[in-house]
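Step one of this worksheet: look at the structure below.
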Amino acid sequence: RPFHVEPTNIVNVNDDMQRVTDEASAMNKRIHYYSRLTSPADRALIAPDHVLPAPDEIYVYSPLGTAFKVDSCTDGYGKNSSIVTIFMIWNTMMGTSILSIPWGIKQAGFTSGIILILLMGILTLYCCYRVVKSRKMIPLVDTSNWEFPDVCKYYFGSFGQWSSLLFSMISLVGAMVVYWVLMSNFLFNTGKFIYNFVHDINVTDIVPGTNGSNKVICPSAASGHPPQNRSVMFSSGNNTDFELFEEWWNKSQTVPFYLIAVLLPLLNLKSPSFFAKFNVLGTVSVVYLVFLVTVKAACLGIHLEYNWFTENEFFVPEFRILFPQLTGILTLAFFIHNCVITLLQNNRNQENNVRDLSIAYFLVGLTYLYVGVIIFASFPSPPLSKECIEQNFLDNFPSDDIMSFVARIFLLFQMMTVYPLLGYLARVQLLRQFFGNAYPSVFHVLALNVAIVGAGVAMARFYPNIGGIIRYSGATCGLAFVFVYPSLIYVISLHRAGQLTWPALIIHIFIILLGLANLIAQFLL
């Protein structure tokens with residue numbers, strides 16, 4: 001019986017064929033997604049015809065600018081384990097917002113700040129659930145390769161398509177502006193540290209601060225605007241040379257322009273995929289910041305005093321009317337809604353998506369809580385007031401602080417590698433929509449990049465407040481992607497299925513009103 005096959009062998013053959021089919025399907029989905037980020041002529045993110053990526057090499061691109069490769073973490077068939085999926089979501093959400101969380105807690109009050117972080121985490125997670133399930137609620141349509149903007153287009157037509165593009169561009173350009181302000185800050189402090197070290201200069205800044213080896217400063221007490229590089233004393237070196245250095249190395253007047261020479265040419269590259277290899281520095285930077293915060297808190301101790309509604313010289317009330325400033329920051333801090341479908345579609349066990357997303361949100365919220373609470377609690381009050389906590393908490397440490405210097409170096413290099421990727425994604429989304437090509441000509445690309453860089457330089461020059469920029473852009477793009485679209489799509493899908501109830505309608509209208517109030521409050525407080 002030469003053609004006889006045992007039943008068990010038939011099962012094994014069928015399993016192998018199914019695995020091959022699953023692998024091919026997963027590969028096609030990834031290639032399809034990458035191809036949508038580029039024009040047909042630009043093959044930067046398209047697999048060559050003769051090359052298929054290895055099953056254990058998965059590249060993740062998110063609209064927020066995170067790009068990294070996960071090696072040897074899959075099941076061998078193009079699927080991620082839950083722990084890899086959780087890490088990718090955590091890595092994508094962790095961004096520059098972490099630097100402003102302590103300031104946001106100070107604006108809201110310590111107790112209300114902690115409560116708001118927990119509530120905003122839960123609310124944005126719920127809205128993220130609605131995004132993940134939005135594709136599955138569309139009947140009789142193959143949505144396997146859809147992203148959330150495609151779902152918006154399905155429900156709202158051209159308005160959904162163009163409005164999702166608008167708010168996506170706000171999130172990208174807002175992130176690039178924040179990056180430019182922070183890169184100017186980090187480059188200034190790094191250059192100042194190196195110059196003082198090389199020339200053996202001991203500088204005393206004109207800002208109040210603590211004494212000792214773990215010095216903390218209060219730049220906002222010296223002036224009503226972010227501090228410049230003003231100093232009054234040095235122990236060695238030429239006086240004229242030092243004054244000349246301070247004139248040409250100024251945080252807001254000169255350094256933002258120096259960055260143009262480096263970053264503008266990088267933005268004009270047709271494919272910046274080389275820089276994706278360095279995005280692991282984002283994870284390293286966050287881990288180092290947690291380490292820095294822990295060490296500083298151990299050295300400074302805990303300084304807390306509970307005043308529920310009254311403010312004194314050194315402490316702020318537990319509840320403050322300025323709390324929407326923190327909710328604006330948190331909207332962007334927990335923002336992953338326009339790329340979460342991509343991050344979850346290669347999860348090995350799709351039934352675990354809700355669990356893995358919840359764990360990732362829990363870890364992100366825990367990281368924000370830890371950094372924000374520890375910095376706020378350990379800030380030395382007295383002698384300094386809690387009002388001295390800066391929008392970038394690294395500004396509370398002088399430029400000659402070694403640990404802060406290392407953190408600024410890490411963050412500066414990481415941001416300089418992410419910035420071209422953000423610009424590339426902005427170019428792809430905008431130019432392809434208008435011209436059908438991500439690189440229609442060098443003049444189109446140069447004009448767009450000059451406009452984006454000009455916005456960053458202008459903000460670094462005249463409004464270098466990252467907390468303000470983050471909360472405005474976060475509340476704006478969050479209104480659409482976090483609050484309005486997920487809620488409306490869910491209500492419409494329930495209505496079409498005849499399953500809409502009054503409680504569900506009221507709850508989701510309330511969520512939309514919260515998002516609208518969050519945006520309006522940013523301009524009133």
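For all residues, glycine too, the Cβ spot is worked out from N, Cα and C.
Unlike curated entries, TrEMBL annotations are predicted automatically.
If you check TrEMBL, you get these features:
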{"type": "DOMAIN", "residues": "81-192", "note": "domain 'Amino acid transporter transmembrane'"}
{"type": "DOMAIN", "residues": "254-521", "note": "domain 'Amino acid transporter transmembrane'"}
{"type": "TRANSMEM", "residues": "83-103", "note": "transmembrane segment"}
{"type": "TRANSMEM", "residues": "109-129", "note": "transmembrane segment"}
{"type": "TRANSMEM", "residues": "162-182", "note": "transmembrane segment"}
{"type": "TRANSMEM", "residues": "253-269", "note": "transmembrane segment"}
{"type": "TRANSMEM", "residues": "281-303", "note": "transmembrane segment"}
{"type": "TRANSMEM", "residues": "323-345", "note": "transmembrane segment"}
{"type": "TRANSMEM", "residues": "357-377", "note": "transmembrane segment"}
{"type": "TRANSMEM", "residues": "405-426", "note": "transmembrane segment"}
{"type": "TRANSMEM", "residues": "438-463", "note": "transmembrane segment"}
{"type": "TRANSMEM", "residues": "469-492", "note": "transmembrane segment"}
{"type": "TRANSMEM", "residues": "504-524", "note": "transmembrane segment"}
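Here the transmembrane segment (281-303) has Cβ contacts under 8 Å with residues 66, 68, 91, 94-95, 98, 213-214, 216, 367, 370-371, 374-375, 377-382, 397, 403-404, 406-407, 410-411, 413-414, 417-418 of the same chain, all six or more residues outside its ends.
With a cut-off of 8 Å on Cβ pairs spaced 6 or more residues apart, the transmembrane segment (405-426) and the transmembrane segment (162-182) reach 3 or more such pairs and are scored as touching.
DSSP places the residues of the domain 'Amino acid transporter transmembrane' (81-192) in helix, strand and coil in these numbers: 97 helix, 0 strand, 15 coil. Long-range contacts of the transmembrane segment (504-524) within the same chain, counting only residues at least 6 positions beyond its ends with a Cβ under 8 Å from a Cβ of the stretch, are 123, 127, 324-325, 327-328, 331, 471-472, 475-476, 478-479, 482-484, 487-488, 490-491, 494.
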